[in-house]
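Asker: As listed in TrEMBL for this protein:
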- 10-23: compositional bias 'Basic residues' (COMPBIAS)
- 10-29: region 'Disordered' (REGION)
- Lys41: active site (ACT_SITE)
- 103-181: domain 'GHMP kinase N-terminal' (DOMAIN)
- Pro134, Val135, Ala136, Ser137, Gly138, Ile139, Gly140, Gly141, Gly142, Ser143, Ala144: ATP binding site (BINDING)
- Asp176: active site (ACT_SITE)
- 240-309: domain 'GHMP kinase C-terminal' (DOMAIN)
Amino acid sequence: MPLRRRRVRSIRSGRRFRHRPARRRTESPVTGTLYESAHAKINLYLHVTGRRADGYHLLDSLAVFAGAGDTLALHAGHGAAGAVSLDIAGPFGAGLAADADSNLILRAARLLRSEIGGTDRLDPLHIVLDKRLPVASGIGGGSADAAAALRLLLRAWPANVPRERLMALATELGADVPVCVDQRAARMGGIGERLDPAPGLPPCGLMLVNCGEAVSTPAVFRARAPVFTPAAALPAAWPDVAAMARDLSGLTNDLQDAACALCPAIRTVLDVLETAPGCRLARMSGSGATCFALFDSPQAAEAARAAVERPDWWVWAGSLFA
């Protein structure tokens, strides 16, 4: 079946130059195609530790990245200098909003272009997103796409954006975007923007399962019990998967019960994962609905796949990316 693509309108600079109007380009001198992967972010645990005066919740979480992910391809574009257009393909592309104000890739382009300034010297570009991850599923797919877009555009546009400014732009796009910039395991704090090194992780297998139902993050936070959990005490490293699963089992995802109440299919997924052969730990990621299971090896995760698969579920088995 051919992949469906949807054209999303270009975004253009609103910056005005008093003495020198921006010149228009009809095509980009960029040659070839640049690629970036946008890997699924998994919250191995997630504690809600407090709430700021502005309403944002404070979190403590250990985030890792799965081998599963979307792919962004960047090509030469057409039109005005600095214009960025987007095509969406892939099995989950239809679930994305085709709107330049809400699409995180186009918002990332707009923010970065404003940060760089001098739009007349920026090539017009075209991005194709191959959307392989479920949408609104608790694994940071949109955030990972936005971070990948920032990395792509910085490779194509002449700019020297300091890291602190890049991370500030990422935070403006969303609390999950900063950790997705580097796609490395990290301890998340604050609203998600504060990143510290993760404990040493052992090689392991991973399975991701999504029941096919989207869950609203704001609704989950509203439904959770109004209590807070202290930040976790983690070791410097885990020697093996058994030790890691044992420690993580004493921690929680504070959003899991609320998400299960809103979407009972999540509990069904967890029940199936917990009884899968070789499963060391099963838990929901983020605000749901995607759940994960840890195994001793990628081979063990793949071997358990047949026991987990259901016709309406998205199931992936493999290893950690980082």
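Placement of Cβ uses the backbone N, Cα and C atoms for every residue, glycine included.
Note that the structure is predicted; figures quoted are calculated from it, not measured.
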Asker: Go through Gly138, Gly142, the listed binding-site residues, and name the one with the sparsest Cβ surroundings, counting other Cβ atoms within 10 Å.
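Answerer: Checked Gly138, Gly142; of these binding-site residues, fewest Cβ neighbours within 10 Å: Gly142.
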Asker: I'm checking region-level scores; what's the whole-number mean pLDDT for the domain 'GHMP kinase N-terminal' (103-181)?
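Answerer: A mean pLDDT of 95 is what the model gives the domain 'GHMP kinase N-terminal' (103-181).
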Asker: If you run through the domain 'GHMP kinase N-terminal' (103-181) with DSSP, how many residues end up as helix, strand and coil?
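Answerer: Its residues fall into 48 helix, 6 strand, 25 coil.
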Asker: Whose Cβ lies within 8 Å of the mean position of the Cβ atoms of Pro134, Val135, Ala136, Ser137, Gly138, Ile139, Gly140, Gly141, Gly142, Ser143, Ala144, the ATP site, other than those residues?
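Answerer: Neighbours found: Ala40, Lys41, Leu133, Gly286, Thr290.
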Asker: Cα-Cα separation of Asp176 (active site) and Gly140 (ATP binding site), in Å?
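Answerer: Asp176 (active site) and Gly140 (ATP binding site) have their Cα atoms 7 Å apart.
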Asker: Under 8 Å Cβ-Cβ from Ala144 (ATP binding site), six or more apart in the same chain: what's there?
Answerer: Ala38, His39, Ala40, Lys41, Gly69, Asp70, Leu133, Cys180, Gln183
Asker: For the binding-site residues Pro134, Gly140, which one has the sparsest Cβ surroundings, going by other Cβ atoms within 10 Å?
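Answerer: With the binding-site residues Pro134, Gly140, fewest surrounding Cβ atoms within 10 Å: Pro134.
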Asker: For Ala136 (ATP binding site), which residues of its chain lie six or more apart in sequence with Cβ-Cβ distance below 8 Å?
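Answerer: Sequence-distant Cβ neighbours: Gly95, Ala214, Val215, Ser216, Thr217.
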Asker: By a simple count, how many Cβ atoms lie within 10 Å of the Cβ of Lys41 (active site), its own Cβ left out?
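Answerer: Counting Cβ neighbours of Lys41 (active site) within 10 Å gives 30.
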Asker: Count the other Cβ atoms sitting within 10 Å of the Cβ of Asp176 (active site), across every protein chain shown.
Answerer: 28
